[in-house]
Amino acid sequence: MFTYVVVYEIPVYGVHHFSLNLWKSYTPVKDPVKKPKWVNELEKNQPLLDLDTVILAINSAAAARLALETRVGFKRSISVFFNISSRSIAFMWQVLAIFVPTISTLFYIALQLFHNVSSFGSITWIYTTSARVFCTTWTQIQIRCCQILYWPIILQDNGIRSHSCVEYMENTALHRHSMWSSLAVDLLLGNLMGLALIVHAESVCQWILTFASVITNALLRSGSVWLMGVPAGFKLNTELAGVLGVISLNAIQIWSTLWILFSFLFIYFIKGLALLGILFGATIPAALIIDMVYIATLHVSTLHWFISLLYSWQIQALAALWRLFRGRKWNPLRQRLDSYHYTVKQHIVGSLLFTPLLLLLPTTSVFYMFFTILSTAIAFTCILIEITISMIHSTPYIKIFLWLMRRRRFPSGIWFEIASCQNDSLEFACHDKVCSSSEKSYRNNNRGRDRSTIMVSVLRSNFLSIGESLLYFSFNCYYLHLMQGSSWDCLCISSWGGRSRLAC
């Protein structure tokens, strides 16, 4: 007769519980060798013990009793004050659950009315243009509106099912507190940034204006003049370099004049940015900064688009002329190269066009590389700000705080610690360790001669590390969308010059 005794600590909400989830993602490897038939039959066999049901019963034992006592109204003389306080907290929570969604819904209705009024009538083009120019800001405003409308889901009571199991209670609490903790951290960072900008508004404004002047004079103007000469020892076409350089200098001068003309409004923009940070958090001002960076560098984007277009046309013309010399012609219907007999005049015209286009290619390439580097640097700066915004939204602050305070609330698998094993003729005692293989083999060989065997083990849990917690809770679809989203597309397309800011 074999008796197996398992000792475990009763799961308590807010303290610990048991879980079979390993919280790890293993990539399945395809086995090139075909499995034998007995392996497939073995996999079809059901296990003798369903550990999922056992762990669910362990997690539900104490929680179900407490939930039933609360629902039925079972009271003890010792817990009268606890019952009164819990009912008071529940009543206040219900009042808050009604009041906060009402205010949030009214605020959302006001935003929707403003949205509909601004997009009505003759000013529709203004609304459309602003939505394209400030697309990042509009996205963050939509996210904040969704967070406002999410309050009823956060504050609602999920019923007795969520209170019948400690694991369900933990998951519900983490899901409920994730949204408001992210919003609270966002507002805290926004208030810190807003107060700092209000206090140092003039110095920040002066520093930004000085930085813009230095970038314009030391980088843009000096770079354009440098490209008009002999950049890095390259012998460029003087006439084409002069035309492209003059166009660049004129665009830079026009934009600098407009910048100086409207520079007195920049102090009000800084104060408005600070006010937005105090009221709505740090993400909306950060998104507005991204849009303003694109607006402030619109002349660089325009020059990059113009030179990219010129460079693309030049490359396409050289490719077409090269196909002419080879006697090939592109068939757009079948998407292939077909043989074609060109005339002598076509070859002469092609030779006259191919030589100057090929000799002018280095000049266009140098200007293209210069403005591509500038556009890529601007896009990379905006991508860093977008990554910061995404980290503010998706970082599980409440989970990190709970992990630091009580790590036992994040179990990851179970294991059994054998405390003792005894029978009529033999006794094993294994404290704080697992029995050795020799003891196990000796016990198995003598199992048939034992009349009764008693084994006592303690049910233990593994716990998530801080790295595993962050990987599981933070590296979600939002980060994957960030890595595969429009920001990286804009960075890749900026090198090709295929899209302007207004088309994003």
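Note: Cβ is positioned from N, Cα and C throughout, glycine not excepted.
As written in TrEMBL, here are the features:
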type     : residues : note
TRANSMEM : 89-111   : transmembrane segment
TRANSMEM : 179-200  : transmembrane segment
TRANSMEM : 207-228  : transmembrane segment
TRANSMEM : 240-266  : transmembrane segment
TRANSMEM : 273-297  : transmembrane segment
TRANSMEM : 303-325  : transmembrane segment
TRANSMEM : 346-371  : transmembrane segment
TRANSMEM : 377-402  : transmembrane segment
| Would the transmembrane segment (273-297) count as touching the transmembrane segment (377-402), i.e. at least 3 C-beta pairs under 8 angstroms with sequence separation of 6+? | yes
| note | Maximum Cβ pairs under 8 Å to the transmembrane segment (207-228) among 179-200, 273-297, 303-325, 346-371 is reached by 346-371
| In terms of Cβ proximity under 8 Å, which residues at least six beyond the ends of the transmembrane segment (273-297) contact it? | 133-137, 139-141, 143-144, 183, 186-187, 189-191, 193-198, 201, 212, 259, 378, 381-382, 385-386, 388-389, 392-393, 501
| message | Which range wins on Cβ pairs under 8 Å with the transmembrane segment (240-266): 179-200, 303-325, 346-371? | response | 346-371
| message | So if I exclude everything within five residues of the ends of the transmembrane segment (179-200), which remaining residues of that chain have a CB under 8 angstroms from its CBs? That is, six or more out. | response | 147, 150, 154, 270-271, 273-285, 392-398, 401
